[in-house]
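Copied over from Swiss-Prot, here are the features:
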REPEAT    13-52  repeat 'MVP 1'
REPEAT    53-114  repeat 'MVP 2'
REPEAT    118-170  repeat 'MVP 3'
REPEAT    171-223  repeat 'MVP 4'
REPEAT    224-278  repeat 'MVP 5'
REPEAT    280-328  repeat 'MVP 6'
REPEAT    329-380  repeat 'MVP 7'
REPEAT    381-433  repeat 'MVP 8'
Amino acid sequence: MGDIIRIKRHHYVHILDNNTNVTRCMVGPLVYTRKENERCLFNPKPCIVVPPRFYCIVQNPCVRDASGNPVIGENSSVMLRMGEEEICFEQEPFPLQPGEVLKREEEEWLFKLKLIPVNTGYHVRCLCDFTDKNSVLRRAGTEWLVEGPQTYVPRVEVEVLREVHAHIISPNTALHIRALVKFTDRTGVPREAGDLWTVRTVGAYLPAVEEDVIGTFQGITLTDTEAVHLEALSNFTDVYGKRRRAGERWLVTKEDASIHIPDVHEKVSGKVRAIVLNEKEYCVVQNPLGADGLNEFGRKEVRKGECRFFLHPQEELLGGMQPINVVSKDQALLLQAVDFFDDNGKIRRPGEKWMLHGPAEYIPDVNVRILEQRNLIALDKNEGIYVMNTTTGVVRVVIGKPYMLNENEVLWEKDLSPKVEELLAFANGCMSEGERNPSFKSTRVRHRVVRFNVQHNAAVQIYDYKQKKLRVVLGPNLVILSPDEEFTVVSLSGGKPKVPNLLHCLQLFLGPRFSSDRIVVETSDHARLELDLSYNWYFDVNREEPDAKIFSVPDFIGDCCKTIASRIRGAVAAEDFDSFHRNSAKIIRVAVFGRGENGEINTSLRFSANNLVVTNIDIQSVEPTDAKTRDSLQKSVQLAIEITTKSQEAAARHGKERKDQEARGKLERQKLLDKIEVERTKTKWLQLQAQSEAVQASGQSVAEAKAKAESLLIEVDSELKQAEMRAKAYRITAESELKKQKQKLELELEFTKRQNELDIMKARQIAETEAERVQRMVNAIGRETIVAVAQAGPEMQAKLLGGLGLKGYLITDGKSPVNLFNTAQGLIDAGSSAQEHS
């Protein structure tokens with residue numbers, strides 16, 4: 001760089017004096033001659049230009065006087081405020097004094113002023129004390145909000161912490177605000193740190209720096225069927241002007257507001273639906289709200305329809321909405337008082353029961369409990385129920401008429417043993433041990449009377465354990481048990497040989513019936529035999545006065561079979577095998593029935609203990625128990641059977657041969673008789689054949705002549721009939737053609753006649769129409785008008801010719817004929833005119 005420094009306009013250089021080590025700034029336009037002890041630190045630089053709406057930050061700015069010029073210190077150097085910053089806005093281009101530095105961010109030193117839009121603000125904080133342009137003293141650490149819309153002018157004493165956006169409060173919404181420090185809000189209300197409040201003003205809300213927005217809360221729409229329960233979080237006055245205490249709960253409905261926005265001091269406990277009762281419904285509300293607005297805990301209230309209401313907080317709906325108890329004439333309600341109350345003038349005590357009979361509609365009082373609804377129990381003449389009086393404990397049977405229990409009665413269930421229950425499930429009341437079902441469950445209605453149909457010729461024993469009496473019922477009959485009666489179950493032996501308790505019955509069959517048994521006996525020669533026996537028996541009972549004696553032996557079948565088997569064994573033991581084998585039936589009958597005084601075998605065996613009578617015994621089979629004896633006996637029996645069979649076969653064979661010989665003789669004799677009859681028939685046939693040939697020969701010529709004559713006669717008759725038919729057809733054709741022509745002519749004549757009549761009628765109508773038209777025209781125009789029109793033409797012609805000086809005119813081309821009539825008319829007109837003039 002030379003000694004001469006040319007500095008352009010708005011440019012500057014820094015000159016260092018090496019002697020004093022002081023740098024000064026030179027601003028153009030200027031031509032500066034550098035001294036020997038001076039040095040130019042850099043080539044001329046353009047001055048700092050800050051365009052509109054921009055700014056720059058100068059670090060270590062120089063100290064300026066009141067006129068804005070840099071202050072020079074004692075050593076002739078520019079005084080600087082070291083460590084400080086200065087913001088330069090739009091102004092004339094200026095140079096950087098020695099020591100000043102432009103603050104750069106991301107290599108940029110020129111910054112654009114920021115715009116604060118509508119509903120936005122800058123949260124700023126003061127870094128050091130200063131007084132702003134409004135003469136407000138700002139202390140270090142003070143924070144405030146710069147609201148838009150405006151251009152934010154930065155200061156070195158203020159830093160921007162964040163950008164704050166407004167919260168939009170739409171209709172039916174609100175903001176919950178909390179105070180961070182003690183301050184006075186923009187509405188002039190003083191707030192303490194931690195205070196909460198609600199902002200409901202619709203629009204944009206820009207929170208102050210001392211405020212914290214908890215959130216936006218949507219309003220709750222309240223309808224006729226929906227309300228809301230609220231709970232106070234602290235003591236406050238709600239939006240409806242009511243003072244609320246912390247923990248208090250209340251109801252807000254549509255009558256209070258159509259939309260409720262929850263306050264910051266309250267919370268929504270829940271939404272409730274309206275309870276709508278029609279005229280046939282009611283409900284019970286527990287802990288209802290009293291007149292003082294407080295719940296009356298422990299009290300109940302009945303609300304009847306038609307109505308609509310909301311449950312207040314801590315109110316409970318017991319049992320939901322319930323229909324009114326409709327009691328028909330065949331029904332009743334069993335009611336019980338739970339507390340003292342006045343029932344239409346009658347004092348009811350706690351625990352007291354009474355019946356409400358229909359027909360009626362009943363809504364229970366809060367002090368009344370409905371125990372049950374009872375219906376009239378319909379009973380046939382053979383049906384009944386067990387009824388117990390709860391006061392006395394007496395159980396009785398009601399049979400044959402509809403019955404309604406009173407307040408002191410209940411249906412009593414009669415319990416029966418499982419065996420009896422299972423026997424009642426069988427039609428005849430009997431079952432074998434193998435038919436028992438271990439998982440059987442009775443379907444009997446226990447409060448219904450126990451009934452059992454006793455079959456014909458059967459008996460049932462019933463025991464009354466209260467009176468300790470027995471009664472026997474003979475069938476056919478219907479047994480109905482009283483509350484203290486039980487059936488006597490009969491357990492009998494069964495099977496072959498007899499097994500005890502194999503058969504169980506409710507009824508005892510009186511017979512006659514039969515039983516089978518299998519016993520083993522031993523003869524005197526020690527042959528053991530197995531006998532299959534059947535007995536016929538019956539009970540000898542007086543049907544007028546049946547005796548319980550027949551039930552005195554529990555297992556009469558087993559007892560009878562044992563007695564008979566004992567007698568048979570004793571009798572067989574005294575006989576050898578051959579003797580018993582030949583006379584087994586007689587020996588057994590004598591052993592069982594015994595002999596009478598006259599030595600004859602008795603016909604029956606009577607058991608006096610129960611009047612059982614055995615009338616007959618049948619030996620079904622006798623078999624040795626020893627295998628060898630049984631085989632030898634079978635062989636001997638088989639041999640005897642074979643001998644008998646062979647003798648019977650020989651006798652049958654001899655009889656067959658004799659019958660065959662007799663049959664062959666009869667057959668030969670019949671053959672001879674048949675041959676004689678054939679020859680006789682053949683002779684008769686030959687005679688008839690000869691007669692037929694003679695008749696055939698004589699009758700052939702006569703038949704041919706008759707046939708030809710008949711053929712000719714038929715042809716002549718046929719031609720005659722054809723001629724008659726043709727003549728008849730021709731006559732019919734001619735008559736039809738004549739009739740057709742006649743009808744055609746008549747139709748044409750009628751058509752012509754009608755057409756002529758129509759033409760005449762048409763002409764007449766046209767003439768009448770024309771005459772009427774002319775008449776109407778004449779009437780419309782008038783007689784004078786017609787005369788004037790008729791005279792107008794000649795007068796005009798006369799005037800025209802007079803004007804031309806002519807008396808008349810005739811124009812022709814020599815080819816057209818001359819209208820002499822018009823000429824004559826003109827002459828006449830002219831003559832008449834002359835006469836008029838004369």
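Even glycines carry a Cβ here, placed using N, Cα and C.
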Cβ under 8 Å to the repeat 'MVP 1' (13-52), counting only same-chain residues 6 or more beyond its ends: which ones?
-> 1-7, 75-78, 88-91, 93-98, 102, 110
On the DSSP side of things, how many residues of the repeat 'MVP 2' (53-114) fall into helix, strand and coil, could you say?
-> 0 helix, 25 strand, 37 coil
In this predicted model, what is the average pLDDT of the repeat 'MVP 6' (280-328)?
-> 91
Secondary structure content of the repeat 'MVP 1' (13-52), with strand meaning DSSP E or B = 0 helix, 21 strand, 19 coil
Count the residues of the repeat 'MVP 7' (329-380) that DSSP assigns to helix (H, G, I), to strand (E, B) and to coil, and report the three numbers in that order.
-> 0 helix, 30 strand, 22 coil
Residue distribution over DSSP helix, strand and coil in the repeat 'MVP 4' (171-223) = 0 helix, 29 strand, 24 coil
